[in-house]
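Reviewing the structure listed below.
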């Protein structure tokens, strides 16, 4: 911790870190690899069993060949593997010493093994301990190479003579870093002992022990060869890298490369790493909208379809004036040389055509070319297409086609390219057969052939039967044929004025009887449906204004059908019994005690101008509400008196002259059965309660002695906080002097009992006692403070109460105070 607090130490550590970092940048790249190395410096000590248990045959056939295999697989040299050989039986003998003959050369070692195979015969016992001690002596004398690995290989077929001694020497060699391996050959090998001798567990795998028959001796040596030739991890320096090249791209992510020369086969000569210089500018993405623009013109091509009906090539549009076939039509009737003119007037077969039974109606029409009834043909309901043919002459075909495309379809089903229905030269005879006009008929307006227009595209098969038709002499009749004078029969064209029977055709206005579909206007008699205004007959429902006849509900005033009872509008709510009497006589107050609260007074009997005469009322009989003069008055239930501290008692009415006072009034109010209210301190009348069992008498009370009004005056309720039991009204008789008030001692005593006594005396006494206590406390505190301060100043002054104790007794007292517990008498 002290070092961490030392700034110099921290500075030195920082410098070391920087230097290591800089040196690390200059170090060559290194790679780690492993390879099998058999040329390491190893000293192999071979201990060969030459006891008689092996036998000469095994010695010659198996033992010596196994040693030759081991030598052949080792890299024996002066610097790498050195070999020593010791033969043990009863005694041990070192055949090859380390760094001696045959120790560093394979050829020398093979020669020794061949001589041993031919000249030695196994004999004696197994003295393994003596051979182990030879190896131990080499280690102790440092006859080995300190950098070399020490390995001892034992070849035996039996159990050593001294097991404990042999085991002890093996452990001693292991402590000196000598590895021991055993190869057991033959039938008498003790495997358990050999495993313990090597240092392996009894049942665990042991790499330093191998056993088997003599035939397997050469195979058993191979595991030991792997121990000698081990894989060693090595580090190779691959060389220094060159500088990094520039990034492969000028923007965004790229790669850079560096190279070096190969110094080892496992090294890499080239290295790449990602790099990034800067972000590349974003390339604007072409808008997608221009790609959609060519698709949009395809939409306008859709309305091209409505123009298809106006296509001049449309064969279904007979009304197109631009029909290229029409201009050739007018030339056909003007051609006098036309041999195919079916309208030859000399044609005798034409009259037979009207006999065509397939069209019985057509012969009637051509017989009268000027038939004014032709205009009625458009009215033929069976052929509504007829009126459509003349109309294209007078109407705009473009206007008519969209409105009625269907009427135009029947004529175009069999269009005639030679049809003179060209609007430029109308044929006056077309109305003769408006159903199927024949372009060649105008040549003979007088005798049209109705059957020819039945198939205008194909000539009448009867025409070739006309012998006169090839005769051109009739063609001079074509002077008639050039019925151009008949073209002035265009005056017959004014028969088109008959065609303006199309005004009858505007019987289609009868078709616009679809306006009669606005008979829905009759349906939209919804104007009549706005009879919903009649539904708002709810205005009649707003007869609810009659419902607000709820003002008639205030007919509840009529509910008090007792007009006599409400005849006194001044009668108050019967729930307030005290107030209803006030309006009864506003001039003279009424004593509420004289009234029976249980018997409501009749407002009709009360006279606001006259006081109530108690004699006129029958005091003996209670007022019966059923005896009221007006039977319509509904009497209220009797109201019991209630306590109301806010009500000021009203002085009684003093009867005037002519009024008799009841004679049964007591002279002293205390003797009366009537409970007189007495005010409390709070201003409440304690006697005016529901618990009172006394009632106002209904019988006349005898008047007192000389003063007939005294008894009545004694019934006056006492005002609030008054000590007088008798209060006289000044309005009784102003001439009479007020009588002296007689106090009631009993009432005073009762009132004083209810009042709480004043606590002022206790307050004064408490104040005096508190003051004295404060003074006493102040004096005691002063004496205590003065005594303690004086003792501190005086020093060795006597303690308090010390002068009280005699001098002779002071020592005794002090001794008594400082006695030990065991010295006490009570102990």
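Glycine too: its Cβ is placed from the backbone N, Cα and C atoms.
Per Swiss-Prot, the features are:
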DOMAIN    235-281  domain 'TSP type-1'
DISULFID  238-267  disulfide bond
DISULFID  247-275  disulfide bond
DISULFID  251-280  disulfide bond
REGION    278-761  region 'Disordered'
REGION    306-392  region '29 X 3 AA tandem repeats'
REGION    402-514  region '20 tandem tetra-/hexapeptide repeats'
COMPBIAS  408-464  compositional bias 'Pro residues'
REGION    603-624  region '2 X 11 AA tandem repeats'
REPEAT    614-624  repeat '2'
COMPBIAS  657-671  compositional bias 'Polar residues'
COMPBIAS  709-724  compositional bias 'Basic and acidic residues'
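Positions of the features from Swiss-Prot, shown on the structure.
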residue : record         : CB count, 10 Å
238     : disulfide bond : 18
247     : disulfide bond : 19
251     : disulfide bond : 12
267     : disulfide bond : 17
275     : disulfide bond : 16
280     : disulfide bond : 11
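The distance from the Cα of residue 251 (disulfide bond) to the Cα of residue 275 (disulfide bond) comes to 10 Å. DSSP assigns residue 251 (disulfide bond) to coil in the three-state reduction, placing it in neither a helix nor a strand. In this structure, residue 238 (disulfide bond) is part of a beta strand by DSSP.
The average per-residue pLDDT of the prediction over the domain 'TSP type-1' (235-281) is 86, rounded to a whole number.
In this structure, the C-alpha atom of residue 267 (disulfide bond) lies 24 angstrom from that of residue 247 (disulfide bond). Between the CA atoms of residue 238 (disulfide bond) and residue 275 (disulfide bond) there is a gap of 25 Å. Here the Cα atom of residue 280 (disulfide bond) is found 14 Å from that of residue 247 (disulfide bond).
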